[in-house]
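Participant: For 159-183, 193-215, 261-285, 410-434, 444-468, the entry in TrEMBL reads repeat 'ANK'.
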Amino acid sequence: MALFSRLPNEIFYAIASILYESEVNALAQANSFAYHLMNPILYQKSMHQSNGWPLLWGIIHRRPQTVKKALETKATALGEALALAASSGQDQAIKYLLYIDNARFEAQFVQQSSVPRGWSNKMWTSDRRTKARGFKTHETRVRDIDKGPSIFSDRDTINGRAPLSRAVLNGHIQTVELLLGSGHPFLAAKDSDGRTPLSHAAQRGYVDIARLLLDSRYHNISAVDCDSRRAMDYAILFGSGAMVDLLIKSGDTDMDTPDDTGRTPFSWAAQYGNLSTLKYLVESGRVNIEARDREGRTPFSHAAGCADAPTVQYLFGLDGVDVESKGSYGMTPFAHASREGNLSAVELLFNSGKVGIDSPDSGGQTPTSYAFEGCGVDEQGLPWNWEGLHSVRKFFVNCGQVDLDTRDNEGRTPFSYAAENGMKEDIELLLTSGKVELDSTDNEGRTPLSYAAEYNEDAEIRVLLESGKVNPHSRDITGMTPLLYGQQSGRSWTMAPWA
């Protein structure tokens, strides 16, 4: 090993030039002389062959000196590195990055498929080693690993966030100041979805950061994103009164501009139950509380479907709110509340005496029919908001004032929809009420059992069959029987005992 120090440096450089990165690393471990000689070469090779991984490693592990050494290789493609440093508020690393002449801060890898696979593997290995040594893993790193390598891209396909937006989203006010002070053109870039840093600050309620952005030349207070929403829209939607005040004082007084769905900020605030914001907007006198979206729905209609009781009660009591307004398909707020399983809204409207409890829409469906149809399934394949829907269904069955056997324009009854979409308990509610025809046929000749056999689960099918009041052999207009629908859906064993 002592002979190493006697060899001319040029020989080492010549040897290193034909070696792989891993081989140079092994050579650098020979002794301290080889390490000091090979380390710069190792950084150079690693930055080139691993797409700048040493730089990213230094940022992930919060090692400013590693970042500095990696940048001594004259690397200029720094978009991913700046995005990652901005996300985690590493101001020293950002200063090193901004100091590089001719640096390019646009994303190097704009599509997820183009991101080096090695990044993901190295991040996983690096994370395991860090945890094994007892160090706390930074939340940003954990999030990056979970989402995959393309989190580095400032215009990637996952969230497309530019560096300044990343700093804003994470509330790093000093990092925001640092980036704004750099004067780089990339600061004016929007995210891939058209969002601006100001819109993110408005959404998170970061008033101090919003002031910095408003005082800079890198903002457009009226800029719209791909959903036609402005910073003001996000401030209203997420209930930040202080942010709304700031934006108004900064010159944005338009609080009633619709987005690409025709919905106003007031409509969104109504849906999500931002009561304080709703009151602020109403008292301002600058919004239309009856503004209709492209589906003809009003803010109250959206509130009835999703909002909490205080919000629905507040809007219900406002002068000028039409509690029986119908959308493009003829659905009333009461129908939406029923379909979404919003029991508090259903009870309020039902007890008010101001709504038609059996009012059909353009397809002939009543609120009761919608309640038993539901509104789809969640990520686990279970009926969405089943507890809320079951409560509404139970309310309708027990109230004794609604038609439980009404037919829509397709000839389907609430029991038909319950058999298709409901749980066992929902079917039993109607089955034991004695107020519905269990084997009714719709316009296509299909019975509730026919729909259950095709779409529902075994427990629900058995409830119908065990009632003894349904015919598994009935044929629809195409000649199909419930048994045949069950066989098509792979449930022939369930139907077999009644074949």
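Note: Cβ is positioned from N, Cα and C throughout, glycine not excepted.
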Participant: For the repeat 'ANK' (444-468), find every same-chain residue at least 6 residues outside the stretch whose CB is under 8 Å from a CB in it, and list them.
Facilitator: 410-411, 413, 415-416, 418-424, 427-428, 431, 438, 474-478, 480-483, 485-486, 488-489, 491, 494-495, 497-498
Participant: Which bits of the chain, at least 6 residues beyond where the repeat 'ANK' (261-285) starts or stops, bring a Cβ under 8 A of a Cβ in it?
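Facilitator: Here the qualifying positions are 227, 232-233, 236-241, 244, 255, 291-295, 297-300, 302-303, 305-308, 310-311, 314-315, 318.
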Participant: So how many of the residues in the repeat 'ANK' (159-183) end up helix, strand or coil by DSSP?
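Facilitator: Each residue of the repeat 'ANK' (159-183) counted once, the result is 17 helix, 0 strand, 8 coil.
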